[in-house]
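Participant: Positions annotated as transmembrane segment by TrEMBL: A:6-22, A:71-95, A:107-124, A:130-149, A:161-180, A:234-255, A:267-290, A:297-316, A:322-345, A:366-391, A:403-425, A:446-470 (among others). Annotation comment: TrEMBL describes A:124-416 as domain 'NADH:quinone oxidoreductase/Mrp antiporter transmembrane'.
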Amino acid sequence: MTLIALPILLPFMLIIVLVFIRSTFYAKIIGVIGSALLFLVSVYLLILVSHNEMLVLQVGGWEAPYGISLVVDYLSSLMLLAASFIVFAVSIYAYRFVKAKRGFSMFFIFFFALTMGVNGAFISGDVFNLYVWFEVMMLSSFVLITMGAKKEQLEGGIKYLTLNLIASLLFLAGLGLLYGKTGTLNMAHLAQILNNDQQSILMNTSAMLFFIAFGIKTAIFPLFFWLPASYHTANITVTSLFAGILTKVGVYTLIRFFTLFFVQNGYFWHNLLLISAGFTMVIGGMAASIQYDTRRILSYHIISQIGYMIMGLGIYTPLAIAGAIFFTIHNMVAKTNTFLIMGIIKKIKGTFYLKDLGGLFKEKPFLAILFVISAFALAGIPPLSGFFAKFILIKAGIEDKHYLIIAVAVLTSMLTLYSMIKIWNQAFLRVQPSKTKVDERVKVAVFDYLPSALLALGSLMLGILAAQFFDLTLLAAKQLLDPGIYVEAVLNTMK
Amino acid sequence: MEILLSALTGLLYAGGVFLILRRSILKFIIGIIFLSNATNLLVFLSAGIVHGKPAFLDGVESDSGKLADPLPQALVLTAIVIGFGIVIFTLALKYKFFITTSTNDLDQLKNTDV
(Lines of atoms letter the chains of each structure in order from A and count residues from 1; the text may use other names and numbers.)
(Lines give C-alpha, C1' and ligand atoms only; values in the text may rest on other atoms or scores of the structure.)
Protein backbone atom coordinates (compact mmCIF):
# COMPACT_ATOMS: atom_id res chain seq x y z
CA MET A 1 0.00 0.00 0.00
CA THR A 2 2.74 2.46 -0.94
CA LEU A 3 0.04 4.40 -2.72
CA ILE A 4 -1.03 5.93 0.60
CA ALA A 5 2.10 8.06 0.62
CA LEU A 6 1.21 9.65 -2.73
CA PRO A 7 -0.74 12.62 -1.28
CA ILE A 8 2.56 13.57 0.40
CA LEU A 9 5.00 12.43 -2.28
CA LEU A 10 3.24 14.05 -5.22
CA PRO A 11 3.37 17.63 -3.87
CA PHE A 12 6.95 16.98 -2.79
CA MET A 13 7.96 15.95 -6.30
CA LEU A 14 6.14 18.96 -7.72
CA ILE A 15 8.11 21.23 -5.39
CA ILE A 16 11.39 19.74 -6.61
CA VAL A 17 10.34 20.19 -10.23
CA LEU A 18 9.16 23.75 -9.63
CA VAL A 19 12.48 24.75 -8.07
CA PHE A 20 14.07 24.32 -11.50
CA ILE A 21 11.30 26.00 -13.48
CA ARG A 22 11.88 29.67 -14.22
CA SER A 23 9.20 30.24 -16.83
CA THR A 24 5.95 31.59 -15.43
CA PHE A 25 3.90 29.84 -18.07
CA TYR A 26 5.28 26.37 -17.39
CA ALA A 27 5.00 26.89 -13.64
CA LYS A 28 1.32 27.62 -14.05
CA ILE A 29 0.77 24.59 -16.24
CA ILE A 30 2.65 22.30 -13.85
CA GLY A 31 0.71 23.75 -10.92
CA VAL A 32 -2.69 23.06 -12.45
CA ILE A 33 -1.80 19.61 -13.79
CA GLY A 34 -0.14 18.65 -10.51
CA SER A 35 -3.17 19.53 -8.45
CA ALA A 36 -5.45 17.73 -10.92
CA LEU A 37 -3.31 14.61 -10.41
CA LEU A 38 -3.56 15.06 -6.67
CA PHE A 39 -7.32 15.18 -6.96
CA LEU A 40 -7.36 11.95 -8.97
CA VAL A 41 -5.14 10.27 -6.36
CA SER A 42 -7.52 11.20 -3.57
CA VAL A 43 -10.53 9.96 -5.55
CA TYR A 44 -8.70 6.68 -6.04
CA LEU A 45 -7.85 6.48 -2.34
CA LEU A 46 -11.51 6.97 -1.42
CA ILE A 47 -12.46 4.12 -3.77
CA LEU A 48 -9.77 1.93 -2.19
CA VAL A 49 -11.00 2.79 1.29
CA SER A 50 -14.57 1.92 0.37
CA HIS A 51 -13.32 -1.56 -0.61
CA ASN A 52 -10.83 -2.14 2.20
CA GLU A 53 -12.24 -0.10 5.14
CA MET A 54 -8.77 1.13 6.17
CA LEU A 55 -5.39 1.47 4.48
CA VAL A 56 -2.21 1.35 6.52
CA LEU A 57 1.39 1.93 5.51
CA GLN A 58 4.31 1.46 7.91
CA VAL A 59 6.84 3.92 6.55
CA GLY A 60 10.27 2.41 5.91
CA GLY A 61 9.07 -1.02 7.02
CA TRP A 62 9.44 -0.20 10.72
CA GLU A 63 6.98 -2.13 12.86
CA ALA A 64 3.86 -0.39 14.04
CA PRO A 65 4.38 1.22 17.44
CA TYR A 66 8.04 2.07 16.71
CA GLY A 67 7.94 3.52 13.21
CA ILE A 68 5.63 6.03 11.63
CA SER A 69 2.29 4.73 10.40
CA LEU A 70 0.30 6.39 7.68
CA VAL A 71 -3.38 5.57 8.02
CA VAL A 72 -6.20 6.37 5.63
CA ASP A 73 -9.70 5.69 6.89
CA TYR A 74 -13.02 7.14 5.72
CA LEU A 75 -12.51 10.43 7.56
CA SER A 76 -8.99 10.92 6.19
CA SER A 77 -9.93 10.06 2.65
CA LEU A 78 -13.00 12.33 2.68
CA MET A 79 -10.90 15.21 4.01
CA LEU A 80 -8.19 14.49 1.43
CA LEU A 81 -10.77 14.52 -1.32
CA ALA A 82 -12.28 17.83 -0.22
CA ALA A 83 -8.89 19.46 0.30
CA SER A 84 -7.52 18.37 -3.07
CA PHE A 85 -10.71 19.54 -4.78
CA ILE A 86 -10.13 22.98 -3.28
CA VAL A 87 -6.42 22.90 -4.11
CA PHE A 88 -7.32 22.11 -7.72
CA ALA A 89 -9.84 24.95 -7.95
CA VAL A 90 -7.50 27.44 -6.30
CA SER A 91 -4.60 26.46 -8.56
CA ILE A 92 -6.70 27.36 -11.59
CA TYR A 93 -7.73 30.57 -9.87
CA ALA A 94 -4.12 31.45 -9.06
CA TYR A 95 -3.39 31.28 -12.77
CA ARG A 96 -5.14 34.61 -13.19
CA PHE A 97 -5.16 36.22 -9.77
CA VAL A 98 -1.65 35.97 -8.34
CA LYS A 99 0.77 38.66 -9.35
CA ALA A 100 4.09 37.22 -8.35
CA LYS A 101 7.10 39.46 -8.73
CA ARG A 102 9.79 36.82 -8.99
CA GLY A 103 8.08 34.31 -11.17
CA PHE A 104 5.17 32.11 -10.56
CA SER A 105 7.10 29.03 -9.50
CA MET A 106 7.82 30.65 -6.10
CA PHE A 107 4.12 30.85 -5.37
CA PHE A 108 3.48 27.28 -6.42
CA ILE A 109 6.41 25.94 -4.39
CA PHE A 110 4.83 27.21 -1.19
CA PHE A 111 1.36 26.36 -2.43
CA PHE A 112 2.37 22.72 -2.76
CA ALA A 113 4.36 22.80 0.48
CA LEU A 114 1.15 23.84 2.20
CA THR A 115 -0.75 21.09 0.40
CA MET A 116 1.86 18.56 1.45
CA GLY A 117 1.56 19.62 5.09
CA VAL A 118 -2.22 19.45 4.98
CA ASN A 119 -2.28 16.03 3.32
CA GLY A 120 0.37 14.75 5.70
CA ALA A 121 -1.68 15.88 8.69
CA PHE A 122 -4.73 14.07 7.30
CA ILE A 123 -3.03 10.71 6.88
CA SER A 124 -0.48 10.64 9.68
CA GLY A 125 -0.95 8.01 12.36
CA ASP A 126 1.70 9.31 14.71
CA VAL A 127 1.40 12.32 16.98
CA PHE A 128 4.92 13.63 16.46
CA ASN A 129 4.67 13.13 12.72
CA LEU A 130 1.44 15.13 12.87
CA TYR A 131 3.38 17.90 14.63
CA VAL A 132 5.96 17.93 11.83
CA TRP A 133 3.23 18.19 9.18
CA PHE A 134 1.66 21.03 11.11
CA GLU A 135 5.00 22.83 11.03
CA VAL A 136 5.38 22.24 7.28
CA MET A 137 1.91 23.64 6.80
CA MET A 138 2.55 26.59 9.10
CA LEU A 139 5.88 27.68 7.66
CA SER A 140 4.57 27.68 4.11
CA SER A 141 1.45 29.52 5.23
CA PHE A 142 3.66 32.19 6.83
CA VAL A 143 5.37 32.73 3.50
CA LEU A 144 2.09 32.76 1.58
CA ILE A 145 0.33 35.21 3.90
CA THR A 146 3.19 37.74 3.70
CA MET A 147 3.75 37.16 -0.01
CA GLY A 148 3.07 40.69 -1.25
CA ALA A 149 5.25 42.25 1.52
CA LYS A 150 2.87 45.20 1.88
CA LYS A 151 2.64 46.95 5.23
CA GLU A 152 -0.64 45.40 6.35
CA GLN A 153 0.39 41.98 5.10
CA LEU A 154 3.51 42.05 7.25
CA GLU A 155 1.42 43.24 10.17
CA GLY A 156 -1.18 40.53 9.65
CA GLY A 157 1.66 38.08 9.19
CA ILE A 158 3.16 38.94 12.58
CA LYS A 159 -0.17 38.37 14.31
CA TYR A 160 -0.80 35.15 12.44
CA LEU A 161 2.72 33.90 13.13
CA THR A 162 2.69 34.71 16.84
CA LEU A 163 -0.46 32.87 17.81
CA ASN A 164 0.19 29.90 15.56
CA LEU A 165 3.70 29.63 16.97
CA ILE A 166 2.38 29.54 20.51
CA ALA A 167 -0.13 26.90 19.43
CA SER A 168 2.68 24.78 18.03
CA LEU A 169 4.69 25.09 21.22
CA LEU A 170 1.69 23.99 23.27
CA PHE A 171 1.19 21.09 20.88
CA LEU A 172 4.83 20.05 21.33
CA ALA A 173 4.61 20.39 25.10
CA GLY A 174 1.43 18.30 25.10
CA LEU A 175 2.97 15.51 23.08
CA GLY A 176 6.09 15.56 25.24
CA LEU A 177 4.02 15.06 28.37
CA LEU A 178 1.94 12.41 26.61
CA TYR A 179 5.10 10.51 25.71
CA GLY A 180 6.32 10.79 29.29
CA LYS A 181 3.09 9.26 30.57
CA THR A 182 2.46 6.53 28.01
CA GLY A 183 5.82 5.87 26.36
CA THR A 184 4.37 5.94 22.86
CA LEU A 185 3.25 8.45 20.25
CA ASN A 186 1.66 6.08 17.76
CA MET A 187 -2.03 6.97 17.73
CA ALA A 188 -3.23 3.36 17.60
CA HIS A 189 -0.91 2.34 20.41
CA LEU A 190 -2.02 5.37 22.43
CA ALA A 191 -5.64 4.37 21.91
CA GLN A 192 -4.85 0.82 23.02
CA ILE A 193 -3.12 2.01 26.19
CA LEU A 194 -5.48 4.82 27.14
CA ASN A 195 -8.73 2.94 26.49
CA ASN A 196 -7.76 0.27 29.03
CA ASP A 197 -6.47 2.72 31.58
CA GLN A 198 -8.18 3.50 34.87
CA GLN A 199 -6.05 6.48 35.82
CA SER A 200 -7.31 8.45 32.87
CA ILE A 201 -7.47 11.66 34.87
CA LEU A 202 -3.71 11.88 34.32
CA MET A 203 -4.38 12.38 30.65
CA ASN A 204 -6.17 15.66 31.20
CA THR A 205 -3.03 17.82 31.23
CA SER A 206 -2.00 16.60 27.79
CA ALA A 207 -5.56 16.67 26.49
CA MET A 208 -5.96 20.26 27.63
CA LEU A 209 -2.69 21.33 26.01
CA PHE A 210 -3.81 19.69 22.77
CA PHE A 211 -7.24 21.25 23.07
CA ILE A 212 -5.77 24.75 23.42
CA ALA A 213 -3.20 24.18 20.66
CA PHE A 214 -5.79 22.92 18.17
CA GLY A 215 -8.28 25.45 19.48
CA ILE A 216 -5.94 28.22 18.34
CA LYS A 217 -5.37 26.54 14.97
CA THR A 218 -9.08 25.88 14.52
CA ALA A 219 -10.02 29.39 15.66
CA ILE A 220 -12.59 28.52 18.30
CA PHE A 221 -13.77 30.88 21.03
CA PRO A 222 -11.88 32.44 22.83
CA LEU A 223 -8.75 31.68 20.80
CA PHE A 224 -9.74 32.96 17.36
CA PHE A 225 -8.51 36.55 17.34
CA TRP A 226 -5.58 35.95 15.03
CA LEU A 227 -7.87 34.90 12.18
CA PRO A 228 -9.87 38.07 11.47
CA ALA A 229 -6.72 40.16 12.06
CA SER A 230 -4.70 38.43 9.37
CA TYR A 231 -6.77 36.57 6.78
CA HIS A 232 -8.04 39.62 4.94
CA THR A 233 -4.56 41.08 4.43
CA ALA A 234 -3.25 38.35 2.14
CA ASN A 235 -3.74 37.99 -1.59
CA ILE A 236 -7.31 36.80 -2.20
CA THR A 237 -6.08 33.52 -3.71
CA VAL A 238 -4.15 32.75 -0.54
CA THR A 239 -7.07 33.80 1.65
CA SER A 240 -9.41 31.46 -0.25
CA LEU A 241 -7.01 28.57 0.16
CA PHE A 242 -6.53 29.24 3.88
CA ALA A 243 -10.25 29.71 4.44
CA GLY A 244 -10.97 26.40 2.79
CA ILE A 245 -8.28 24.23 4.28
CA LEU A 246 -6.26 25.48 7.23
CA THR A 247 -8.73 25.74 10.08
CA LYS A 248 -10.35 22.50 8.97
CA VAL A 249 -7.11 20.63 9.59
CA GLY A 250 -7.52 21.72 13.20
CA VAL A 251 -11.10 20.42 13.18
CA TYR A 252 -9.87 17.14 11.74
CA THR A 253 -7.25 16.70 14.48
CA LEU A 254 -9.77 17.55 17.20
CA ILE A 255 -12.15 14.92 15.81
CA ARG A 256 -9.33 12.39 15.51
CA PHE A 257 -7.89 12.95 18.99
CA PHE A 258 -11.15 13.16 20.87
CA THR A 259 -12.66 10.07 19.27
CA LEU A 260 -9.55 7.89 19.17
CA PHE A 261 -7.75 8.27 22.45
CA PHE A 262 -8.97 11.15 24.60
CA VAL A 263 -12.25 9.37 25.23
CA GLN A 264 -12.02 9.29 29.02
CA ASN A 265 -13.76 11.96 31.11
CA GLY A 266 -16.23 12.28 28.27
CA TYR A 267 -18.71 14.34 30.25
CA PHE A 268 -16.23 17.14 30.93
CA TRP A 269 -14.74 17.26 27.44
CA HIS A 270 -18.00 17.11 25.54
CA ASN A 271 -19.46 19.88 27.63
CA LEU A 272 -16.34 22.00 27.16
CA LEU A 273 -16.54 21.41 23.41
CA LEU A 274 -20.23 22.29 23.34
CA ILE A 275 -19.77 25.49 25.34
CA SER A 276 -16.89 26.72 23.19
CA ALA A 277 -18.85 25.70 20.08
CA GLY A 278 -21.84 27.77 21.15
CA PHE A 279 -19.76 30.86 21.86
CA THR A 280 -17.77 30.39 18.66
CA MET A 281 -20.94 30.32 16.58
CA VAL A 282 -22.64 33.31 18.16
CA ILE A 283 -19.63 35.60 18.48
CA GLY A 284 -18.38 34.81 14.98
CA GLY A 285 -21.85 35.43 13.56
CA MET A 286 -22.39 38.69 15.43
CA ALA A 287 -18.94 40.05 14.61
CA ALA A 288 -19.55 39.24 10.95
CA SER A 289 -22.77 41.21 10.86
CA ILE A 290 -21.13 44.53 11.83
CA GLN A 291 -18.37 44.36 9.22
CA TYR A 292 -18.37 46.09 5.82
CA ASP A 293 -15.26 44.63 4.22
CA THR A 294 -16.47 41.50 2.45
CA ARG A 295 -13.30 39.60 3.30
CA ARG A 296 -13.75 40.41 6.98
CA ILE A 297 -17.41 39.36 6.94
CA LEU A 298 -16.39 36.05 5.45
CA SER A 299 -13.43 35.69 7.85
CA TYR A 300 -15.71 36.02 10.87
CA HIS A 301 -17.98 33.57 9.15
CA ILE A 302 -15.27 30.95 9.04
CA ILE A 303 -15.16 31.20 12.84
CA SER A 304 -18.92 31.06 13.19
CA GLN A 305 -19.12 27.91 11.09
CA ILE A 306 -16.27 26.21 12.95
CA GLY A 307 -18.70 26.24 15.88
CA TYR A 308 -21.05 23.84 14.07
CA MET A 309 -18.27 21.35 13.43
CA ILE A 310 -17.15 21.43 17.07
CA MET A 311 -20.79 21.11 18.12
CA GLY A 312 -21.06 17.84 16.20
CA LEU A 313 -17.99 16.53 18.02
CA GLY A 314 -19.39 17.72 21.35
CA ILE A 315 -22.72 15.92 20.93
CA TYR A 316 -20.74 12.75 20.20
CA THR A 317 -23.22 10.36 18.66
CA PRO A 318 -22.63 8.63 15.29
CA LEU A 319 -25.17 10.91 13.68
CA ALA A 320 -23.59 14.05 15.16
CA ILE A 321 -20.07 13.10 14.09
CA ALA A 322 -21.36 12.28 10.62
CA GLY A 323 -23.01 15.69 10.62
CA ALA A 324 -19.78 17.37 11.68
CA ILE A 325 -17.87 15.69 8.85
CA PHE A 326 -20.59 16.55 6.34
CA PHE A 327 -20.60 20.13 7.57
CA THR A 328 -16.81 20.42 7.40
CA ILE A 329 -16.67 19.28 3.80
CA HIS A 330 -19.66 21.35 2.73
CA ASN A 331 -18.09 24.35 4.42
CA MET A 332 -14.69 23.89 2.78
CA VAL A 333 -16.27 23.97 -0.66
CA ALA A 334 -18.79 26.76 -0.12
CA LYS A 335 -16.53 29.02 1.95
CA THR A 336 -13.67 28.89 -0.53
CA ASN A 337 -16.08 29.75 -3.30
CA THR A 338 -17.41 32.88 -1.58
CA PHE A 339 -13.83 34.13 -1.22
CA LEU A 340 -13.07 33.36 -4.86
CA ILE A 341 -16.14 35.34 -5.90
CA MET A 342 -15.04 38.29 -3.76
CA GLY A 343 -11.74 38.20 -5.65
CA ILE A 344 -13.58 38.37 -8.97
CA ILE A 345 -15.69 41.26 -7.65
CA LYS A 346 -12.52 43.05 -6.58
CA LYS A 347 -11.17 42.59 -10.08
CA ILE A 348 -14.32 44.06 -11.63
CA LYS A 349 -15.00 46.88 -9.16
CA GLY A 350 -11.57 47.43 -7.63
CA THR A 351 -12.73 47.19 -4.03
CA PHE A 352 -13.77 44.81 -1.28
CA TYR A 353 -15.89 47.36 0.59
CA LEU A 354 -19.63 46.79 0.51
CA LYS A 355 -20.36 50.53 0.70
CA ASP A 356 -18.70 51.09 -2.68
CA LEU A 357 -20.19 48.08 -4.44
CA GLY A 358 -23.44 47.67 -6.31
CA GLY A 359 -25.19 46.76 -9.52
CA LEU A 360 -23.45 43.45 -10.05
CA PHE A 361 -26.67 41.52 -10.61
CA LYS A 362 -27.34 43.45 -13.80
CA GLU A 363 -23.75 43.56 -14.98
CA LYS A 364 -22.67 40.00 -14.21
CA PRO A 365 -25.71 37.74 -13.80
CA PHE A 366 -23.62 34.58 -13.98
CA LEU A 367 -21.44 35.77 -11.09
CA ALA A 368 -24.62 36.52 -9.14
CA ILE A 369 -25.83 32.95 -9.65
CA LEU A 370 -22.50 31.55 -8.48
CA PHE A 371 -22.63 33.73 -5.39
CA VAL A 372 -26.20 32.77 -4.60
CA ILE A 373 -25.37 29.07 -4.76
CA SER A 374 -22.47 29.21 -2.33
CA ALA A 375 -23.82 31.94 -0.05
CA PHE A 376 -27.17 30.23 0.36
CA ALA A 377 -25.41 26.91 0.79
CA LEU A 378 -23.57 28.52 3.71
CA ALA A 379 -26.79 29.91 5.14
CA GLY A 380 -28.44 26.51 4.83
CA ILE A 381 -31.22 26.99 2.30
CA PRO A 382 -32.56 23.73 0.81
CA PRO A 383 -31.73 21.99 -1.49
CA LEU A 384 -28.12 23.14 -1.15
CA SER A 385 -25.46 21.32 0.86
CA GLY A 386 -25.59 23.50 3.98
CA PHE A 387 -29.20 22.64 4.64
CA PHE A 388 -28.52 18.92 4.91
CA ALA A 389 -25.39 19.47 7.00
CA LYS A 390 -27.26 21.62 9.51
CA PHE A 391 -30.28 19.31 9.42
CA ILE A 392 -28.18 16.29 10.39
CA LEU A 393 -26.46 18.18 13.20
CA ILE A 394 -29.71 19.55 14.60
CA LYS A 395 -31.44 16.18 14.36
CA ALA A 396 -28.54 14.59 16.24
CA GLY A 397 -28.75 17.31 18.89
CA ILE A 398 -32.49 16.83 19.41
CA GLU A 399 -32.12 13.05 19.63
CA ASP A 400 -29.49 13.50 22.31
CA LYS A 401 -31.46 16.28 24.10
CA HIS A 402 -28.97 19.15 23.69
CA TYR A 403 -31.68 21.77 23.26
CA LEU A 404 -29.67 24.84 24.27
CA ILE A 405 -26.93 24.35 21.69
CA ILE A 406 -29.57 23.58 19.05
CA ALA A 407 -31.29 26.88 19.80
CA VAL A 408 -27.95 28.67 19.47
CA ALA A 409 -27.21 26.88 16.19
CA VAL A 410 -30.57 27.81 14.69
CA LEU A 411 -30.25 31.44 15.76
CA THR A 412 -26.73 31.60 14.33
CA SER A 413 -28.16 30.38 11.05
CA MET A 414 -30.25 33.54 11.01
CA LEU A 415 -27.12 35.63 11.56
CA THR A 416 -25.43 33.84 8.67
CA LEU A 417 -28.41 34.45 6.46
CA TYR A 418 -28.40 38.11 7.50
CA SER A 419 -24.75 38.60 6.51
CA MET A 420 -25.19 36.79 3.22
CA ILE A 421 -28.25 38.87 2.38
CA LYS A 422 -26.28 41.97 3.33
CA ILE A 423 -23.61 41.14 0.77
CA TRP A 424 -26.27 40.18 -1.77
CA ASN A 425 -28.22 43.43 -1.33
CA GLN A 426 -25.28 45.77 -1.23
CA ALA A 427 -23.05 44.24 -3.87
CA PHE A 428 -25.51 42.72 -6.28
CA LEU A 429 -29.02 44.13 -6.07
CA ARG A 430 -28.78 47.84 -5.42
CA VAL A 431 -27.67 50.43 -7.97
CA GLN A 432 -23.96 51.21 -8.12
CA PRO A 433 -23.15 54.23 -5.88
CA SER A 434 -22.11 57.05 -8.19
CA LYS A 435 -18.96 57.97 -6.29
CA THR A 436 -17.29 54.65 -7.06
CA LYS A 437 -14.99 54.78 -10.03
CA VAL A 438 -15.08 51.60 -12.02
CA ASP A 439 -12.14 50.88 -14.25
CA GLU A 440 -13.82 49.97 -17.55
CA ARG A 441 -10.67 48.53 -19.06
CA VAL A 442 -10.59 45.53 -16.74
CA LYS A 443 -11.89 42.51 -18.56
CA VAL A 444 -12.92 39.38 -16.72
CA ALA A 445 -12.36 36.31 -18.82
CA VAL A 446 -14.55 33.22 -18.77
CA PHE A 447 -11.50 31.46 -17.41
CA ASP A 448 -11.77 33.47 -14.18
CA TYR A 449 -15.18 32.02 -13.47
CA LEU A 450 -14.08 28.43 -14.04
CA PRO A 451 -12.79 27.57 -10.51
CA SER A 452 -15.73 29.31 -8.91
CA ALA A 453 -18.19 27.48 -11.16
CA LEU A 454 -16.44 24.21 -10.31
CA LEU A 455 -16.88 24.78 -6.58
CA ALA A 456 -20.47 25.94 -7.00
CA LEU A 457 -21.13 22.71 -8.87
CA GLY A 458 -19.52 20.90 -5.95
CA SER A 459 -21.92 22.59 -3.52
CA LEU A 460 -24.87 21.71 -5.73
CA MET A 461 -23.82 18.10 -6.08
CA LEU A 462 -23.33 17.78 -2.32
CA GLY A 463 -26.92 18.94 -1.98
CA ILE A 464 -28.38 16.75 -4.70
CA LEU A 465 -26.41 13.64 -3.75
CA ALA A 466 -26.76 14.36 -0.03
CA ALA A 467 -28.10 10.88 0.79
CA GLN A 468 -25.19 9.05 -0.80
CA PHE A 469 -22.69 11.42 0.73
CA PHE A 470 -24.34 11.15 4.12
CA ASP A 471 -23.91 7.37 3.98
CA LEU A 472 -20.17 7.88 3.50
CA THR A 473 -19.92 10.30 6.43
CA LEU A 474 -21.96 7.92 8.60
CA LEU A 475 -19.53 5.12 7.75
CA ALA A 476 -16.69 7.47 8.72
CA ALA A 477 -18.41 8.33 12.00
CA LYS A 478 -19.06 4.68 12.89
CA GLN A 479 -15.43 3.90 12.17
CA LEU A 480 -14.33 6.77 14.40
CA LEU A 481 -16.54 5.81 17.31
CA ASP A 482 -15.08 2.30 17.39
CA PRO A 483 -11.36 2.90 18.04
CA GLY A 484 -10.84 -0.87 18.10
CA ILE A 485 -10.97 -1.00 14.30
CA TYR A 486 -8.22 1.59 14.01
CA VAL A 487 -6.04 -0.07 16.65
CA GLU A 488 -6.40 -3.49 15.05
CA ALA A 489 -5.73 -2.22 11.54
CA VAL A 490 -2.54 -0.43 12.56
CA LEU A 491 -1.06 -2.75 15.16
CA ASN A 492 -1.94 -6.08 13.53
CA THR A 493 -0.02 -5.33 10.40
CA MET A 494 3.19 -6.12 12.21
CA LYS A 495 2.35 -9.82 12.20
CA MET B 1 19.83 16.79 37.47
CA GLU B 2 16.19 16.38 36.58
CA ILE B 3 15.10 18.82 39.28
CA LEU B 4 17.60 21.38 38.06
CA LEU B 5 16.46 21.02 34.47
CA SER B 6 12.80 21.18 35.48
CA ALA B 7 13.45 24.42 37.33
CA LEU B 8 15.27 25.73 34.27
CA THR B 9 12.29 24.79 32.10
CA GLY B 10 9.98 26.71 34.39
CA LEU B 11 12.30 29.68 34.43
CA LEU B 12 12.51 29.72 30.64
CA TYR B 13 8.72 29.54 30.33
CA ALA B 14 8.33 32.41 32.80
CA GLY B 15 10.94 34.51 31.03
CA GLY B 16 9.43 33.70 27.63
CA VAL B 17 5.93 34.72 28.68
CA PHE B 18 7.30 37.93 30.22
CA LEU B 19 9.22 38.76 27.05
CA ILE B 20 6.40 38.10 24.56
CA LEU B 21 4.25 40.54 26.50
CA ARG B 22 6.77 43.36 25.94
CA ARG B 23 6.19 46.03 23.33
CA SER B 24 9.46 45.67 21.46
CA ILE B 25 9.30 43.22 18.58
CA LEU B 26 12.90 42.12 19.13
CA LYS B 27 12.24 41.26 22.78
CA PHE B 28 9.15 39.46 21.62
CA ILE B 29 11.26 37.30 19.29
CA ILE B 30 13.68 36.53 22.11
CA GLY B 31 10.63 35.50 24.12
CA ILE B 32 9.64 33.10 21.35
CA ILE B 33 13.15 31.59 21.45
CA PHE B 34 12.87 31.17 25.24
CA LEU B 35 9.48 29.47 24.96
CA SER B 36 10.62 27.18 22.20
CA ASN B 37 13.72 26.12 24.17
CA ALA B 38 11.65 25.60 27.29
CA THR B 39 9.36 23.30 25.32
CA ASN B 40 12.34 21.42 23.89
CA LEU B 41 13.67 20.86 27.40
CA LEU B 42 10.25 19.67 28.52
CA VAL B 43 10.11 17.07 25.75
CA PHE B 44 13.70 16.06 26.48
CA LEU B 45 12.85 15.52 30.14
CA SER B 46 9.61 13.70 29.42
CA ALA B 47 11.13 10.23 29.43
CA GLY B 48 13.41 10.92 32.36
CA ILE B 49 17.18 11.06 32.27
CA VAL B 50 19.17 7.85 32.42
CA HIS B 51 22.65 8.75 33.53
CA GLY B 52 25.71 7.46 31.71
CA LYS B 53 23.99 4.71 29.72
CA PRO B 54 23.98 4.25 25.94
CA ALA B 55 20.80 4.27 23.92
CA PHE B 56 21.76 1.31 21.72
CA LEU B 57 23.89 -1.73 22.38
CA ASP B 58 25.12 -3.90 19.57
CA GLY B 59 24.14 -7.51 19.87
CA VAL B 60 23.83 -7.42 23.63
CA GLU B 61 20.46 -8.31 25.10
CA SER B 62 19.69 -5.95 27.91
CA ASP B 63 16.62 -5.01 29.91
CA SER B 64 15.23 -1.67 28.95
CA GLY B 65 15.67 -0.12 32.38
CA LYS B 66 19.40 0.05 31.85
CA LEU B 67 19.18 1.89 28.55
CA ALA B 68 18.58 5.55 27.82
CA ASP B 69 15.41 6.19 25.80
CA PRO B 70 16.57 7.54 22.42
CA LEU B 71 13.16 8.68 21.20
CA PRO B 72 12.76 11.98 23.13
CA GLN B 73 16.24 12.95 21.97
CA ALA B 74 15.28 12.30 18.38
CA LEU B 75 12.08 14.28 18.88
CA VAL B 76 13.98 17.17 20.43
CA LEU B 77 16.50 17.25 17.60
CA THR B 78 13.68 17.56 15.08
CA ALA B 79 11.95 20.19 17.19
CA ILE B 80 15.16 22.22 17.54
CA VAL B 81 15.68 22.26 13.78
CA ILE B 82 12.08 23.33 13.19
CA GLY B 83 12.51 25.98 15.88
CA PHE B 84 15.59 27.36 14.12
CA GLY B 85 13.68 27.67 10.87
CA ILE B 86 10.83 29.49 12.53
CA VAL B 87 13.09 31.90 14.42
CA ILE B 88 14.91 32.74 11.20
CA PHE B 89 11.63 33.41 9.43
CA THR B 90 10.45 35.57 12.33
CA LEU B 91 13.66 37.61 12.24
CA ALA B 92 13.35 38.09 8.48
CA LEU B 93 9.73 39.17 8.92
CA LYS B 94 10.71 41.61 11.67
CA TYR B 95 13.49 43.04 9.46
CA LYS B 96 11.13 43.51 6.52
CA PHE B 97 8.52 45.02 8.79
CA PHE B 98 11.08 47.44 10.20
CA ILE B 99 12.22 48.44 6.70
CA THR B 100 8.62 49.08 5.63
CA THR B 101 7.27 50.86 8.70
CA SER B 102 10.43 51.87 10.65
CA THR B 103 8.82 50.87 13.92
CA ASN B 104 9.79 48.31 16.54
CA ASP B 105 6.70 48.85 18.66
CA LEU B 106 4.02 46.15 18.83
CA ASP B 107 1.49 48.77 19.93
CA GLN B 108 1.64 50.27 16.44
CA LEU B 109 0.18 47.07 15.01
CA LYS B 110 -3.45 48.02 15.20
CA ASN B 111 -4.29 48.60 11.58
CA THR B 112 -5.59 45.16 10.69
CA ASP B 113 -7.77 44.72 13.79
CA VAL B 114 -11.43 45.66 13.86
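Just so it is clear, glycine is given a Cβ too, placed from its N, Cα and C backbone atoms.
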Participant: Grab the same-chain neighbours of the transmembrane segment (A:322-345) for me: Cβ-Cβ under 8 Å, and only residues 6 or more beyond its ends, written as numbers and ranges.
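Facilitator: For the transmembrane segment (A:322-345), the far contacts come to 75, 78-79, 82-83, 85-86, 89-90, 93, 97, 236-237, 239-241, 243-245, 248, 251-252, 255, 294-295, 298, 301-302, 305, 308-313, 352, 357, 360, 367, 370-371, 373-375, 377-378, 385-386, 388-390, 392-393, 395-396, 427, 444, 448-449, 451-452, 455-456, 458-459, 462, 469-470, 473-474, 476-477.
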Participant: Which residues of the same chain, at least 6 past either end of the transmembrane segment (A:71-95), have a Cβ under 8 Å from a Cβ in it?
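Facilitator: Contacts with the transmembrane segment (A:71-95): 4, 7, 28, 31-32, 34-36, 38-39, 41-43, 45-46, 48-50, 53-57, 107-108, 111, 115, 118-119, 122-125, 187-188, 237, 240-241, 244-245, 248, 252, 255-256, 325, 328-329, 332-333, 336-337, 340, 343, 447-448, 450-452, 454-455, 458, 472-473, 475-476, 479-480, 486, 489-490.
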Participant: In the same chain, who gets a Cβ under 8 Å from the transmembrane segment (A:446-470) while lying at least 6 residues past its ends?
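Facilitator: Distant contacts of the transmembrane segment (A:446-470): 85-86, 88-90, 92-93, 95-97, 322, 326, 329-330, 333-334, 336-337, 340-341, 344, 347, 366-367, 369-370, 373-374, 377, 382-385, 387-388, 392.
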